Amino acid sequence: MADFVAAIDQGTTSTRCMIFDHDGAEVGRHQLEHEQILPRAGWVEHNPVEIWERTGSVLATALNKTKLSTSDLVALGITNQRETSLVWNRHTGRPYYNAIVWQDTRTDRIASALDRDGRGDVIRQKAGLPPATYFSGGKLQWLLENVDGLRADAEKGDALFGTTDTWVLWNLTGGHRGGVHVTDVTNASRTMLMNLETLDWDDELLGFFDIPRQMLPEIRPSSSPEPHGVTVDWGPADGEIPVTGILGDQQAAMVGQVCLDAGEAKNTYGTGNFLLLNTGENIVRSKNGLLTTVCYQFGDAKPVYALEGSIAVTGSAVQWLRDQLGIISGAAQSESLARQVEDNGGVYFVPAFSGLFAPYWRSDARGAIVGLSRFNTNAHVARATLEAICYQSRDVVDAMAADSGVHLEVLKVDGGITANDLCMQIQADVLGVDVVRPVVAETTALGAAYAAGLAVGFWDGADDLRANWQEDKRWSPTWSDDQRAAGYAGWRKAVQRTMDWVDVD
């Protein structure tokens, strides 16, 4: 039997391929960044052709670096930036337009109109999502309304829609020469178009956005012994690999963190923050600004659901300090600079660059640094940036407790910012609970590998995955209750200052 599982992680800023053994240990990887296209304020795009070329390259190079071939891989999993949307021609494979990224806010008027006329309540009930620029439905409506010839091609069945998992899979399995047009339940649950109960595209929701059903991919389980597709032997893998796992990136991180029981939660720190709480087979409809989403579905088992708090700007706020303000030269310097001060000096930074996501959902908000005096330095701004990451997570944790009745005792964390010890200590202090990082921090790719490997029996079940999970580091709270309350009160005041800044009606 082959000894390894590979995962493609198609992310917001880069695409990587990682290869894992049965212990869940990484044996090889390759990663390439892709361009962030910013044509105007609030617009964020990716070049789909570049993404596919990067995907093929990282897969081929990871195999080459590890001196493995496709015969050494039992399966391939795909995980991806969710909501990012594109449309391409089924006959030529050419995209009609750049991919519109999840951070993009060009659809704010579409989202606002949904709430004004009552359609938003139907979307919340059926799809578990509030109308927002974040999700795919509005992006696809915008493409159909603004790209010449697209609607006519869509109605003829010539145009295909997908999130980036679907685009990557279609190309891996042959593209216009027979590629499969498939997504999984987790990605479909982020479109505002899928019914959470039926796990199928909902005709009423499609009608809200005037979307032809024939554009949409088939929805399948996240992990399936019947492959979603098989890589073509003339493609970048240079051989056939069954693709048996697909998960949106945050759901993949839940699986990688082995949060498989109701009440378990993880927080992924990347471009944005994404905090998910497993709610088991129960659909918990949020009354506190969270998303209800599919966590995963393995084979023909019932789906497992989650509550999610999606935060648009966390790691990218640190990038902003580097790229726009120039006060740090790299992400690691944010920690050393912030350590020069004992506290934030009264400064709060709310990085609402594209509005506020969970639990506020205010597209009229914009970023603000408040509380400045002549006493403050760039170190206070760096500290406030790290605190902003943690306070936004506190907003979500409190909303989860209100919705579910679950009060966390420990928070599992992963993603790039977890290498920042100061940020993780602040997170423990702000929440008042232990924060724990696993040995394998790349849990998104690992979760996709787990989904693929479970489908073919490489791992027998959840107990195998739990045995693989190991704690690397733990941070415990050091703040008093009074410190915690005072800090959070200042944060809530700062958040209010960012709202009603731009007109979205």
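We count from 1, first residue shown onward.
The backbone N, Cα and C atoms fix where each Cβ goes, glycine too.
These numbers come from a predicted model, not from an experiment.
Annotated ADP binding site per Swiss-Prot: Thr12, Arg16, Thr271, Gly315, Gly416, Asn420, in sequence order. Taken from Swiss-Prot, the feature sn-glycerol 3-phosphate binding site applies to Thr12, Arg82, Glu83, Tyr134, Asp249. What Swiss-Prot lists as ATP binding site is Thr12, Thr13, Ser14, Thr271, Gly315, Gln319, Gly416. Feature annotation from Swiss-Prot assigns glycerol binding site to Arg82, Glu83, Tyr134, Asp249, Gln250.
Features as recorded by Swiss-Prot, highlighted on the structure.
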residue : record                               : Cβ neighbours (10 Å)
Ser14   : ATP binding site                     : 14
Arg16   : ADP binding site                     : 22
Glu83   : sn-glycerol 3-phosphate binding site : 26
Asp249  : sn-glycerol 3-phosphate binding site : 27
Gln250  : glycerol binding site                : 28
Thr271  : ADP binding site                     : 23
Gly315  : ADP binding site                     : 21
Gln319  : ATP binding site                     : 16
Gly416  : ADP binding site                     : 15
Asn420  : ADP binding site                     : 21
**Item:** sn-glycerol 3-phosphate site, defined by Thr12, Arg82, Glu83, Tyr134, Asp249: further same-chain residues with Cβ within 8 Å of the Cβ centre
**Value:** Asn80, Gln81, Thr84, Val101, Trp102, Arg190, Gly248, Gln250, Ser310
**Asked** If you count Cβ atoms within 10 Å of the Cβ of Tyr134 (sn-glycerol 3-phosphate binding site), leaving out that atom itself, what do you get?
**Response** 29
**Request:** Taking the Cβ of Arg82 (sn-glycerol 3-phosphate binding site) as the reference point, list residues of the same chain whose Cβ is under 8 angstroms away and which are at least six residues distant in sequence.
**Result:** Trp102, Thr163, Thr186, Asn187, Arg190, Gly248, Asp249, Gln250
**Message:** If you measure from the CA of Thr271 (ADP binding site) out to 10 Å, which binding-site residues from the list Thr13, Ser14, Glu83, Gln319 are inside that radius?
**Reply:** Thr13, Gln319
**Message:** Measuring Cα to Cα, how many Å separate Thr12 (ADP binding site) from Gln319 (ATP binding site)?
**Reply:** 14
**Message:** Using Cβ atoms only, which residues of the same chain lie under 8 Å from Thr13 (ATP binding site) while being at least 6 residues apart in sequence?
**Reply:** Glu33, His34, Gln36, Thr271
**Prompt:** Could you state the CA-to-CA distance between Asn420 (ADP binding site) and Gln319 (ATP binding site) to the nearest Å?
**Reply:** 14
**Prompt:** Closest to Gly315 (ADP binding site): which of the binding-site residues Ser14, Glu83, Tyr134, going by Cα position?
**Reply:** Ser14
**Check: same-chain CB within 8 A of glycerol site center, minus Arg82, Glu83, Tyr134, Asp249, Gln250** = Gln81, Thr84, Trp102, Arg190, Gly248, Phe274, Ser310
**Fill in**
Between the C-alpha atoms of Gly416 (ADP binding site) and Tyr134 (sn-glycerol 3-phosphate binding site), the distance in angstrom, to the nearest integer, is 22
**Prompt:** So how many other Cβ atoms are close to Thr12 (ADP binding site), meaning within 10 Å of its Cβ?
**Reply:** 23
